[in-house]
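Remarks on the structure that follows.
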Ligand code: PGA
């Protein structure tokens, strides 16, 4: 696992956007797995700036969603489909056809989960998956004790995650759905490169357990230890509980070891 400690969220976003730009130069129709939440926004800002400046062409990029709420009416502004369209697909100038995600308003949610898992494989698999991390160590919406071999499926959110996400729903936890569709941990591990960004002190414990703790379903993000190419980008605050922080600074601060993400 490559652990890159950066000054702040903006630096983390720029670094990962550089990695995505490199990927798009190598593979213009790369399938990018995108995450929602606050953390990845600096990545999208930096990538959109590079595209606007003409330093990278993203016109053939394809975008895949990581997870989705179940039961929000189609077109709800806080559905992850609407969020990804607004934050990534439209600003990059991509058409909605370049974008795939699970159908959280399907009548048969189980079939929708299976269909999305299959669609990801049929699309050739995700080339680079952006991940955030929950304060409880979740990736996607794989909450603690998710099977490390899980596929795309329906999950029930923990109270902690609903509290964390209430800020997107007028700070009213009652409006936060209880159920979600999420790519499983097994599904996520099939992406060719996993890039997790974590910023802020609130993520420090989850980051330490992910990077330095045992691989355990209790900390779903620790499954990244099983992936042959996982990059964890953290700001100083999120790195504050890493025992090996100095080693990581020494090893990964100067790009070459992890360049080419
Ligand atoms: P956040 O969410 O980026 O809004 O903190 C991360 C997550 O829940 O995966």
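Every residue gets a Cβ built from N, Cα and C, even glycine.
Going by TrEMBL, these are the annotated features:
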- 10-226: domain 'Glucosamine/galactosamine-6-phosphate isomerase' (DOMAIN)
- 67: active site, proton acceptor (ACT_SITE)
- 136: active site, for ring-opening step (ACT_SITE)
- 138: active site, proton acceptor (ACT_SITE)
- 143: active site, for ring-opening step (ACT_SITE)
- 146: site 'Part of the allosteric site' (SITE)
- 153: site 'Part of the allosteric site' (SITE)
- 155: site 'Part of the allosteric site' (SITE)
- 156: site 'Part of the allosteric site' (SITE)
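Each residue contributes its Cα atom, and for residue 143 (active site, for ring-opening step) and residue 67 (active site, proton acceptor) those atoms are 12 Å apart. For the domain 'Glucosamine/galactosamine-6-phosphate isomerase' (10-226), the mean pLDDT of the prediction comes to 96. Here the recorded sites are 146, 156; the one with the fewest Cβ atoms within 10 Å of its Cβ is 156. If you measure from the Cα atom of residue 146 (site 'Part of the allosteric site') to that of residue 67 (active site, proton acceptor), you get 14 Å. Counting only residues at least six positions away in the same chain, the Cβ atoms of 144, 146, 158, 161, 220, 221 sit under 8 Å from the Cβ of residue 138 (active site, proton acceptor). Taking a C-beta cut-off of under 8 angstroms and a sequence separation of 6 or more, residue 153 (site 'Part of the allosteric site') has the following same-chain neighbours: 110, 113, 181, 182, 184. A distance of 10 Å separates the Cα atom of residue 155 (site 'Part of the allosteric site') from that of residue 67 (active site, proton acceptor). Fewest other C-beta atoms within 10 angstroms, among the active-site residues 67, 136, 143, are seen around 136.
Cα of residue 67 (active site, proton acceptor) to Cα of residue 156 (site 'Part of the allosteric site'): a span of 12 Å. All protein chains shown were included, and the count of other CB atoms within 10 Å of the CB of residue 155 (site 'Part of the allosteric site') stands at 23.
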